[in-house]
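Undergrad: Following this message is one structure expressed as structure tokens.
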Ligand SMILES: Cc1cc2nc3c(=O)[nH]c(=O)nc-3n(C[C@H](O)[C@H](O)[C@H](O)COP(=O)(O)OP(=O)(O)OC[C@H]3O[C@@H](n4cnc5c(N)ncnc54)[C@H](O)[C@@H]3O)c2cc1C
């Protein structure tokens with residue numbers, strides 16, 4: 001039996017794979033998905049996994065500055081992020097194809113659309129064909145690029161766009177997908193319990209395992225890992241999105257572009273720039289973001305907050321066609337991206353030789369981009385630990401070279 005802590009995309013994806021492999025699973029979380037615009041409680045805020053764009057981005061993602069901070073000491077490298085992202089890409093692509101074949105109530109909520117990614121300075125190192133097999137550079141002769149250039153404020157007096165590429169990318173309607181994931185794990189037999197877990201898991205591992213009759217614990221608690229893993233490298237990056245709608249419910253492409261991303265880049269003084277992302281979430285709603293504010297825990301932004309106004313001005317400054325949208329019923333969503341200075345952590349906790357906790361947290365602004373790949377790695381570590389325990393050994397999972405580059409973990 002596996003106890004999964006966390007009811008966000010990381011916990012539910014991990015639980016889904018475990019259930020498919022025949023494990024019994026209990027998921028404990030203090031917060032679950034809200035039913036979005038359908039929620040009877042209009043004040044209820046969506047959880048972080050719902051607030052996400054959720055756009056798939058080839059790492060390092062643009063929405064959260066550089067996702068990869070200290071590759072040498074980190075739990076995971078850029079190469080690992082890319083593998084996880086590509087695993088997730090393939091899975092969402094399959095789900096998007098499946099969505100077009102099944103009844104609405106059975107849909108996951110994924111779509112493949114064309115992402116136009118623009119840069120104000122050349123990213124370093126520049127993506128090459130082999131680094132981003134999905135990508136296409138800007139082609140002056142390409143009529144699609146001509147259309148795109150006309151649709152945005154491209155030139156030196158506006159956004160001074162230097163470079164760009166486009167490719168097919170999955171976009172997930174997170175309200176639909178979180179509902180799908182909850183139903184999926186329930187149908188497959190998971191038990192769901194609402195509970196706040198206090199303190200480091202390390203201190204209460206035995207107690208929790210006895211309470212839940214669990215053989216092992218997966219910690220997919222996002223920012224909660226700051227406490228549950230006593231990890232002071234975990235920190236929030238506040239973000240917000242405006243939710244816009246069209247009167248006629250026809251979420252037409254923005255002058256030929258499905259989805260626009262201008263990632264935050266560092267300027268010549270090494271100061272972080274600002275980002276724009278415009279993501280059509282479904283036929284009705286376009287999500288417009290975003291804000292990147294490190295170490296800010298305060299979720300009290302309003303439409304009138306200066307940074308929200310600035311975000312909106314920036315977005316319709318870049319793509320003027322956006323101004324035809326109207327604010328949707330719940331026009332602002334805000335959340336805390338669960339970042340870690342040590343990058344994503346999918347690894348066993350080895351603070352004691354007998355520890356039976358596997359971590360899956362620190363996904364920052366890329367939780368959906370990485371979710372499927374991270375869940376597979378997490379399950380692989382869980383299985384190896386269980387297998388070794390059965391064989392009478394209690395050595396930790398990093399012995400097999402999985403889930404982390406920090407030798408000490
Ligand atoms: C504005 C914004 C835009 C974003 N855009 C994108 C995007 O375009 N693409 C993308 O890939 N990602 C995006 N993200 C990031 C993405 O939302 C996160 O990386 C992802 O949701 C992390 O998922 P998680 O399951 O790890 O954590 P969470 O969704 O935070 O879930 C954590 C779970 O753990 C539970 N928990 C925590 N502590 C405890 C405790 N002590 N006891 C019990 N339960 C606990 C919580 O209740 C919750 O159920 C965005 C985020 C924001 C805020």
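A Cβ is built for glycine as well, from the same backbone N, Cα and C atoms used for every other residue.
Not my notes, these are from TrEMBL:
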BINDING   48, 49, 364, 365, 366, 367, 368, 369  FAD binding site
BINDING   337, 365  D-dopa binding site
COMPBIAS  137-146  compositional bias 'Basic and acidic residues'
DOMAIN    2-376  domain 'FAD dependent oxidoreductase'
REGION    123-146  region 'Disordered'
Undergrad: How far apart, in angstrom, are the most distant Cα atoms among the FAD-binding residues 48, 49, 364, 365, 366, 367, 368, 369?
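TA: Answer in Å: the longest Cα-Cα distance is 14.
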Undergrad: Round to the nearest Å and give the CA-to-CA distance linking residue 48 (FAD binding site) with residue 337 (D-dopa binding site).
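TA: About 7 Å separate the Cα atoms of these two residues.
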Undergrad: Have a look around residue 337 (D-dopa binding site) and count the other CB atoms within 10 A of its CB, chains all included.
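TA: I get 26 for this one.
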Undergrad: Hey, how far is residue 366 (FAD binding site) from residue 337 (D-dopa binding site), Cα to Cα, in Å?
TA: 9
Undergrad: Taking 8 Å from the centroid of the Cβ atoms of 48, 49, 364, 365, 366, 367, 368, 369 as the cut-off, which other residues in that chain fall inside it around the FAD site?
TA: 9, 52, 54, 337, 338, 363, 370, 371
Undergrad: Which site among 48, 49, 366, 369 has the most other CB atoms no more than 10 Å from its CB, taking these as binding-site residues?
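TA: The largest 10 Å Cβ neighbour count belongs to 369.
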Undergrad: State the count of C-beta atoms found within 10 angstroms of the C-beta of residue 367 (FAD binding site), not counting that atom itself.
TA: 25
Undergrad: Of the binding-site residues 49, 364, 367, 368, which one has its Cα closest to the Cα of residue 337 (D-dopa binding site)?
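TA: Result: the closest of the binding-site residues to residue 337 (D-dopa binding site) is 364.
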